[in-house]
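Asker: Checked Swiss-Prot, it gives:
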| type | residues | note |
| --- | --- | --- |
| DOMAIN | 10-205 | domain 'tr-type G' |
| REGION | 19-26 | region 'G1' |
| BINDING | 19-26, 81-85, 136-139 | GTP binding site |
| BINDING | Thr26 | Mg(2+) binding site |
| REGION | 60-64 | region 'G2' |
| REGION | 81-84 | region 'G3' |
| REGION | 136-139 | region 'G4' |
Amino acid sequence: MAKEKFERTKPHVNIGTIGHVDHGKTTLTAAITTVLAKKGLSELRSFDSIDNAPEEKERGITINTSHVEYETANRHYAHVDCPGHADYVKNMVTGAAQMDGAIIVVAATDGPMPQTREHILLARQVNVPKLVVFMNKCDMVEDAEMLELVEMEMRELLSFYDFDGDNTPIIQGSALGALNGVEKWEDKVMELMEAVDTWIPLPPRDVDKPFLMPVEDVFSITGRGTVATGRIETGVIHVGDEIEILGLGEDKKSVVTGVEMFRKLLDQGEAGDNVGLLLRGVDKNEIKRGMVLCKPGQIKPHSKFKAEVYILKKEEGGRHTPFHNKYRPQFYLRTMDCTGEITLPEGTEMVMPGDNVTITVELIYPVALNIGLRFAIREGGRTVGAGQITEIID
């Protein structure tokens, strides 16, 4: 069968496999590529090539992740798989690999285990919109009632963490069976991919969201005015658009009179572009690195929020000792560095290096924040943790 030419016409979705250790996440990832490769939709990836995940650095944290890509009849997928539990926690909290949805793998022989629960909670905290369940190792369970019981437990667990437990697709299969070419189990992998295609929503494209650009640098051009440079995070900006300048306590409105990229003048800039924006009536000292330019009324500066964070271990270059309530590190949000005070959850005395915890943060001045924003926690110039905002308080 001739391989289809890779067309970029299919919508792109980022997904991953999550779940308890040894429940078959990597085997399933290999099985998906193997089954789809037979249909000319993927390159075959062996278990070993996925399991020996390369190290990546994200916000100063080293994470092992494997990236696999494949397509279905409807979509193109980038799929991330992590070998170790700690890698998952770091990956999900730092957003090293953004997930638009995930396949949670649970062994029918064990049912939901502690990490199954932890990964579902993390997926909820970091706003993974939908999960699909793959019940693995069903070829090792003879009792149909046992399968029913595991499915019921999974639905209850999903509902407990505010996922749609009643309607989430649950596919009963065997990743190893599919990898070994057993037709019955290959069909289950195809069924899983159909469920992923229909249940996991297409993510909104960054260009379709409202305009936002964190300011990296500012300079003035004699006779023309002030230019703010940075990478556009979301949306599109046109010459003549009104914008708001937020952060550091001084909010101001202005109009973009020029968009420049690689020394060329453009009519517009869009998400992902590194641009310089010429701003009308703004003095060079009224705007500085760390501020945010955005569409008026979209986002507000806040100083207090809740966040899900991962604190680096000593071996990862993090702290050697725990920290206690009222710890005051630097928070690196977009292009802004700001001191903040951490309040620990009630009953938590201290946080050890390697912990994953929910904290409340109060910054010393308001900064443009939104739910889902990722940040690094730094101390003395090194990264000691990373996290993302789950709730804005003030």
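Here the Cβ of each residue, glycine as well, is placed from N, Cα and C on the backbone.
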Asker: Check each residue in the chain of Lys25 (GTP binding site) that is at least six apart in sequence and keep those whose C-beta is under 8 Å from its C-beta; list them in sequence order.
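Answerer: Listed in sequence order: Thr17, Ile18, Gly19, Asp81, Val105.
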Asker: Checking distant contacts: for the region 'G4' (136-139), what same-chain residues at least six beyond its ends satisfy Cβ-Cβ under 8 A?
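Answerer: Apart from its flanks, the region 'G4' (136-139) reaches 23-24, 27-28, 105-109, 147, 172-177, 185.
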Asker: Distance between Cys138 (GTP binding site) and the residue listed as 'Mg(2+) binding site' at the Cα atoms, whole Å?
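Answerer: The separation of the Cα atoms works out to 16 Å.
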Asker: Tell me, roughly as an integer, the mean pLDDT over the region 'G1' (19-26).
Answerer: 90
Asker: In the region 'G1' (19-26), how many residues does DSSP assign to helix, to strand and to coil?
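Answerer: Summed by class, the stretch gives 2 helix, 1 strand, 5 coil.
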Asker: Would you identify which of the binding-site residues Gly19, Cys82 has the most other C-beta atoms lying within 10 angstroms of its C-beta?
Answerer: Gly19
Asker: Quick one: give me the count of other CB atoms within 10 A of the CB of His85 (GTP binding site).
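Answerer: Summing over all protein chains shown, His85 (GTP binding site) has 15 other Cβ atoms within 10 Å.
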Asker: Looking only at DSSP and grouping its letters into three states, which state does Cys138 (GTP binding site) belong to?
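Answerer: In the DSSP reduction, Cys138 (GTP binding site) maps to helix.
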Asker: Give the helix, strand or coil assignment DSSP yields for His85 (GTP binding site).
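Answerer: Assignment for His85 (GTP binding site) reads helix.
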